[in-house]
Amino acid sequence: MSGFRVLDLVKPFTPFMPEVIAPERKVAFQQRLMWTGVTLLIFLVMSEIPLYGIASSDGSDPLYWLRMMLASNRGTLMELGISPIVSAGMVFQLLQGTKLITVDMSNKNDRDQFQTAQKLFAILLAVGQATVYVLTGMYGPPSSLGTGVCLLLVLQLVFAGIVVILLDELLQKGYGLGSGISLFTATNVCEQVFWKAFAPTTSNIGKGTEFEGAVVALFHLLGSRKDKKRALLEAFYRSHLPNMFQLIATVFVFLLVVYLQGFRIELPIKSTRQRGPYGLYPIRLFYTSNIPIMLQSALSSNIFIISQMLFVRWPNNIFVKILGSWDTRQGAAQLYAVSGLAYYIQPPLSFTEALLDPIKTIIYIIFVLGSCAVFSTTWIEISGASPRDVAKQFKEQGLVIAGHRDTSAYRELKKIIPTAAAFGGATIGALSVFCDLMGTLGSGTSILLSVTTIYGYYELAMKEGGFGKSVVSSFSDGI
């Protein structure tokens with residue numbers, strides 16, 4: 001390919017970029033499983049190591065709405081989480097899909113340059129985010145911390161960000177299973193859910209000593225209260241701490257999403273180059289997986305962050321108030337939207353709150369379902385999964401839809417794929433709303449991300465590890 005290209009700009013940086021060397025031969029499944037475990041262990045350790053030099057990490061968290069989705073843990077080395085990787089990946093996917101950068105993924109040099117450019121951008125994002133976090137006072141006033149401590153904090157965050165990038169690359173290049181992004185997000189969510197279910201810590205907020213974990217609290221209340229009926233009601237519906245109803249709702253959503261993963265349309269296809277039995281091309285209900293809810297969550301979370309920062313700086317400005325006004329709730333330091341655009345796209349914190357403000361609830365449902373459907377249909381166009389792209393792949397591989405002419409594949413796919421993408425995106429959005437209204441142990445977005453990721457790992461293990469029959473098939477057959 002002749003001429004100058006944007007990707008050529010990264011060539012001078014290639015020798016200086018940290019890199020995981022690809023394996024010379026395919027790594028055995030057991031070894032990949034081991035490296036996945038090692039990667040996960042490193043992530044968990046980094047999530048618990050506090051940043052050295054911070055003065056304080058108390059008070060309202062402007063990134064509260066993004067923490068679980070980005071596998072971020074405040075005040076630790078995993079402060080940035082997977083944010084640099086996700087942001088860089090989405091930007092370059094968009095640039096590639098819209099043809100703003102030219103790259104031939106079948107060409108190894110192009111592919112390597114594209115990955116290097118994406119990695120370089122992720123590192124630059126880590127530097128930028130770390131600098132902004134420190135200078136905006138997330139760990140204390142910069143003037144009080146001093147230049148040396150501020151620089152040390154930035155270096156810690158950037159170093160941790162580079163480690164996460166390399167851990168993700170380690171898995172992506174075949175040493176482990178799946179990707180670091182999915183693994184870290186699912187682990188972070190599962191850790192939070194497990195803690196809220198079984199935490200042995202106690203708190204006293206006016207009703208005596210209570211256990212934080214829903215299951216532990218259930219047994220404690222049944223054992224310590226004489227009125228067992230009242231104890232059960234308290235364990236299932238207490239509002240100030242995780243309860244059993246939330247845990248059951250979380251398990252129900254997990255099973256429901258696994259069941260819905262089995263919904264698909266299977267198109268019979270055959271090869272024009274050789275004779276043989278028909279194959280099947282599956283088009284799933286969740287055609288774009290969890291991408292719609294990730295994009296919707298990223299959009300609303302960024303609105304929350306911008307609105308909250310503007311409100312703290314200019315609380316009386318009319319335009320800032322239109323975007324959103326914020327206030328704390330009783331017993332919590334975290335700020336929540338109380339009016340403006342941010343209020344109407346903020347999920348209700350309980351089913352009772354949803355009933356008390358039906359207009360806000362209706363607007364929120366329309367926003368989530370509509371945005372997920374739009375993001376899903378848009379994503380297939382920029383990610384190479386549109387009807388035209390799939391029809392092109394069929395042609396290149398010598399495949400046709402059984403019972404149709406070679407030239408009719410695009411028309412048949414156009415009838416199915418956009419509908420599946422839009423309906424699947426709206427379904428993901430509806431499940432997220434259901435999670436938020438039912439008060440699952442974690443936001444709707446984070447629960448869906450973890451379930452789809454865990455199921456993806458199950459399918460990968462079933463395919464590469466030689467496991468037996470799909471759980472979805474048996475679950476669907478049982479129902």
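Cβ coordinates are placed from backbone N, Cα and C, and glycine is handled just like the others.
Sequence annotations record features per position, and here Swiss-Prot assigns topological domain 'Cytoplasmic' to 1-33, 98-119, 168-246, 383-415, 459-479. Swiss-Prot lists 55-76, 141-146, 268-361, 435-440 with the feature topological domain 'Lumenal', giving sequence analysis as the kind of evidence. As annotated by Swiss-Prot, transmembrane segment applies to 34-54, 77-97, 120-140, 147-167, 247-267, 362-382, 416-434, 441-458, with the evidence given as sequence analysis.
With a cut-off of 8 Å on Cβ pairs spaced 6 or more residues apart, the transmembrane segment (441-458) and the transmembrane segment (247-267) reach 3 or more such pairs and are scored as touching.
Of the two recorded stretches, the transmembrane segment (362-382) does not lie close to the transmembrane segment (34-54), with fewer than three CB pairs under 8 Å once pairs fewer than 6 apart in sequence are set aside. Of the Cβ pairs linking the transmembrane segment (34-54) with the transmembrane segment (416-434) and spaced 6 or more residues apart, fewer than 3 are under 8 Å, so the two regions do not touch. Most Cβ pairs under 8 Å to the transmembrane segment (416-434), among the stretches 77-97, 147-167, 247-267, belong to 247-267. Remote same-chain partners of the transmembrane segment (77-97), defined as residues 6 or more beyond its termini with a Cβ less than 8 Å from a stretch Cβ, comprise 43, 46-47, 49, 51, 66-67, 70-71, 103, 114, 117-119, 121-123, 125-126, 129-130, 133, 156-157, 160-161, 164-165, 168, 180-181, 184-185, 188, 294-295, 381-384. Within the chain carrying the topological domain 'Cytoplasmic' (98-119), a Cβ under 8 angstroms from the stretch's Cβ atoms is held by residues 1, 5-11, 13-14, 17, 88-89, 92, 165, 169, 382, all 6 or more beyond its ends. When Cβ-Cβ distances below 8 Å are used as the criterion, the topological domain 'Cytoplasmic' (383-415) is approached by residues 93, 97, 267-273, 278-279, 281, 287-288, 291 of the same chain, each at least six residues removed from its ends. Under DSSP, residues within the topological domain 'Lumenal' (268-361) fall into helix, strand and coil as 43 helix, 19 strand, 32 coil. Mean pLDDT, taken over the topological domain 'Lumenal' (55-76), works out to 76 on the 0 to 100 scale. Within the chain carrying the transmembrane segment (147-167), a Cβ under 8 angstroms from the stretch's Cβ atoms is held by residues 18, 20, 39, 42-43, 46, 51-54, 77-82, 84-85, 119, 122-123, 126-127, 129-131, 133-135, 139, 180, 184, all 6 or more beyond its ends.
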